[in-house]
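Visitor: Structure below; questions to follow.
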Amino acid sequence: MTQQKTKHYPQHIDLEPVMHVEGTVRLPGSKSISNRTLLLAALAEGSTTIHDLLASDDTTVMLGALRSLGIKWEEIDERTIVVHGNGGVLPNHEADLFMGNAGTAIRPLTAALAVIGGDYTLHGVSRMHERPIGDLVDALTAVGAQIEYTGEPGFPPLRIKRGHIHANRMSVRGNVSSQFLTALLMAAPLMARGHAVTIDVVGELISKPYIEITLNLMRRFGVTVEQDGWASFTVQPGRKYASPGSIHVEGDASSASYFLAAGAIGGGPVRVEGVGRDSIQGDVRFADALERMGAIIERGDNWIEARSGADGVLKAIDADFNHIPDAAMTIAVAALYADGPSTLRNIASWRVKETDRLSAMATELRKIGATVEEGADYLRITPPEELAPATIDTYDDHRMAMCFSLAALDGKARRGNAMRINDPKCVAKTFPDYFEAFASIARNELF
Ligand SMILES: O=C(O)C1=C[C@@H](OP(=O)(O)O)[C@@H](O)[C@H](O)C1
Ligand SMILES: C=C(OP(=O)(O)O)C(=O)O
């Protein structure tokens with residue numbers, strides 16, 4: 001019943017040093033677009049054919065949840081799914097939903113289920129039970145939702161019952177995760193029955209480009225949100241989701257970052273296909289950061305290409321990465337090849353993702369010889385004279401595994417090394433075939 005095919009991974013992968021990278025990679029579908037599209041299609045009137053949907057752990061849990069809720073969908077082929085929307089009504093009023101570690105599944109579903117009402121339990125892997133959800137639950141309970149914590153207050157698991165929602169105006173904090181605002185926005189048309197619903201953001205809003213993805217996809221499903229800067233968002237009464245008929249999922253711009261960085265470090269050109277200059281994903285701006293580091297970037301409608309600059313040495317960077325928290329992890333590893341210390345600022349949200357990424361990143365970069373200063377919300381990375389071979393722990397975090405594969409690359413300033421990546425199966429969260437794709441751009445045997 002799940003879409004993702006089971007794949008077998010070894011306990012660790014040993015990467016040989018890579019002398020040169022070059023080639024083209026077709027990206028898997030965007031996780032952020034896939035999971036939003038699945039939920040919007042389920043809530044819409046009519047059937048939606050979704051092309052190039054991501055097949056990974058995060059979409060598998062969303063598809064499984066929709067099926068448990070009584071939403072019908074079928075797989076046409078490996079990359080195409082048809083979801084039969086049920087117009088904002090869920091056939092099953094009771095369900096136990098396993099959400100893995102997918103923030104893009106549990107947060108939007110919590111809001112939608114709390115508004116629709118029923119008897120639902122949402123839980124996930126142990127790390128999911130340490131990832132905050134209190135700001136979203138507070139926003140929903142303040143307008144009449146019934147949500148209980150069955151474990152630690154502020155964290156999943158959750159039990160959602162039928163509440164009495166009266167939401168003309170609601171507010172949510174935006175400084176821990178933008179996914180809470182995304183969740184409320186996607187549920188807002190279900191609340192805007194006979195009156196408008198305004199959502200005010202309290203304090204700072206992080207990861208803003210992800211809100212743009214949400215608004216863009218809601219618009220494609222027929223609901224326009226009125227926006228007052230980043231401070232408040234209004235859905236007018238009577239707006240309902242309607243299927244656009246068919247929708248195409250862009251390639252994942254965060255997944256693109258590993259290949260673009262590879263091209264920038266290891267010669268290139270490396271081209272990614274599936275995202276381009278018109279992408280709706282903020283993470284395409286990762287290419288701008290690489291450009292600042294001296295890489296040569298070219299962009300087409302549906303592709304981006306990176307290669308090393310004229311002297312081949314990456315320039316150190318000091319920048320705010322709040323807008324691209326996921327792709328910024330790739331910059332942290334690219335910084336190993338830079339001509340001086342790099343500073344990644346305003347990335348406190350790293351602490352509450354798949355692992356505490358500030359701490360994990362600092363620990364693993366040090367194994368390769370870097371000097372790392374770990375602040376509350378920043379990392380300062382000074383590359384070593386020479387990179388050391390290392391065994392990298394991945395903390396059940398797909399991005400740790402994917403980023404650190406880059407340290408096998410030969411750069412102009414520093415040579416790559418044999419890298420052992422422990423527990424490579426964690427890449428299945430968003431990119432089950434990552435290591436095959438990485439091997440396809442290595443111009444010597446990788447394994
Ligand atoms: O809405 C989304 O699709 C996402 C938002 C970001 O999370 P935060 O808003 O928690 O930073 C990002 O890190 C995550 O991978 C996907
Ligand atoms: C933070 C991430 O995931 P999630 O959608 O679970 O928040 C991520 O993919 O880097």
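Placed from the backbone N, Cα and C atoms, the Cβ positions cover glycine too.
Remember, TrEMBL labels are computer predictions, not curated facts.
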Visitor: Among Asp228, Asp326, Asp377, indicate the single residue that TrEMBL lists for the 3-phosphoshikimate site containing Lys31, Ser32, Arg36, Ser177, Ser178, Gln179, Ser207, Lys353.
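Guide: So, going by the record in TrEMBL, that would be Asp326.
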Visitor: Among the binding-site residues Lys31, Arg36, Gly103, Arg131, Ser178, Gln179, which ones place their C-alpha within 10 angstroms of the C-alpha of Asp326 (active site, proton acceptor)?
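Guide: Correct set: empty; none qualify.
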Visitor: Here's one to test understanding: among the binding-site residues Arg36, Ser207, Lys353, whose C-alpha is closest in space to the C-alpha of Gln179 (phosphoenolpyruvate binding site)?
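Guide: Answer for the nearest of the binding-site residues: Ser207.
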Visitor: Please identify, among the binding-site residues Lys31, Arg131, Lys429, the one with the smallest Cα-Cα distance to Lys353 (3-phosphoshikimate binding site).
Guide: Arg131
Visitor: When the Cβ positions of the binding-site residues Arg36, Gly103, Lys353 are compared with the atoms of ligand 2, which fall under 6 Å?
Guide: Gly103, Lys353
Visitor: Reduce the DSSP letter at Lys31 (phosphoenolpyruvate binding site) to three states and note it down.
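Guide: Once the DSSP labels are grouped into three classes, Lys31 (phosphoenolpyruvate binding site) ends up as helix.
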Visitor: Could you give the Cα-Cα distance between Arg36 (3-phosphoshikimate binding site) and Arg357 (phosphoenolpyruvate binding site), in whole Å?
Guide: 24
Visitor: Would you mind pulling the DSSP three-state label for Lys429 (phosphoenolpyruvate binding site)?
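Guide: Assignment for Lys429 (phosphoenolpyruvate binding site) reads helix.
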